[in-house]
């Protein structure tokens with residue numbers, strides 16, 4: 001049984017690395033139909049707040065199931081290490097969908113095109129795979145909690161600073177976009193703060209978060225998640241940047257990058 005579990009974990013981790021490059025390439029030419037790129041023809045839809053709750057829910061549920069099964073379940077370091085991941089996804093699972101709901105309700109309008117159910121299912125599976133990898137690594141397969149010569153806390157707090165900085169950027173940008181859309185009743189050019197540097201500071205913040213997570217875990221699991229996040233969010237940000245340029249033309253700042261300040 002242990003050998004089967006180990007093989008499943010290793011193949012799951014390998015799949016993370018193998019899925020990254022084709023995801024990046026595909027999203028350079030095609031965007032999933034939600035947000036600015038929403039369009040008809042993708043089957044049944046559900047309200048976006050419900051979709052986000054369903055997609056992100058494995059990140060809260062799976063650690064509750066997997067942690068008691070891990071050999072490090074009672075190790076305080078494992079619990080501390082997992083806490084930033086849970087903090088991020090508590091916000092994404094419960095707080096963020098509620099804020100979307102409140103924002104759309106405040107406009108007193110109904111979304112003409114909901115979130116495709118097939119994408120919700122795909123997001124649920126993707127999140128389940130990633131959370132399994134991260135939670136199983138932290139709770140069971142990480143083997144150097146007590147043999148790293150005290151480096152655990154240096155890596156943890158160093159990565160935590162990066163993680164919290166990214167989370168702050170991500171939450172600030174999400175708030176700014178929700179407020180702007182609510183006040184204007186549609187899409188407008190975001191201005192101020194990180195928006196002066198990049199079109200998608202929310203994506204930039206999330207990339208920074210998972211870079212911090214990779215440092216905290218110091219593992220192939222954490223680094224794989226960081227790379228997969230980049231393969232998903234960088235092309236999405238580039239597509240959003242192109243969308244803004246096409247929609248607003250000369251009114252959109254030409255020196256603004258898509259997602260990485262001064263670079264991309």
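Along the chain as shown, residues are numbered 1 onward.
Here the Cβ of each residue, glycine as well, is placed from N, Cα and C on the backbone.
Annotated in TrEMBL:
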type: TRANSMEM; residues: 12-30; note: transmembrane segment
type: TRANSMEM; residues: 82-101; note: transmembrane segment
type: TRANSMEM; residues: 113-133; note: transmembrane segment
type: DOMAIN; residues: 115-263; note: domain '3-oxo-5-alpha-steroid 4-dehydrogenase C-terminal'
type: TRANSMEM; residues: 153-173; note: transmembrane segment
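Here the transmembrane segment (82-101) has Cβ contacts under 8 Å with residues 47-50, 52-53, 56-57, 59-60, 63, 67, 131, 134-135, 138-139, 160, 163-164, 167, 171, 174-175, 178, 209, 212-213, 216 of the same chain, all six or more residues outside its ends. The DSSP breakdown of the domain '3-oxo-5-alpha-steroid 4-dehydrogenase C-terminal' (115-263) into helical (H, G, I), extended (E, B) and coil residues amounts to 112 helix, 4 strand, 33 coil.
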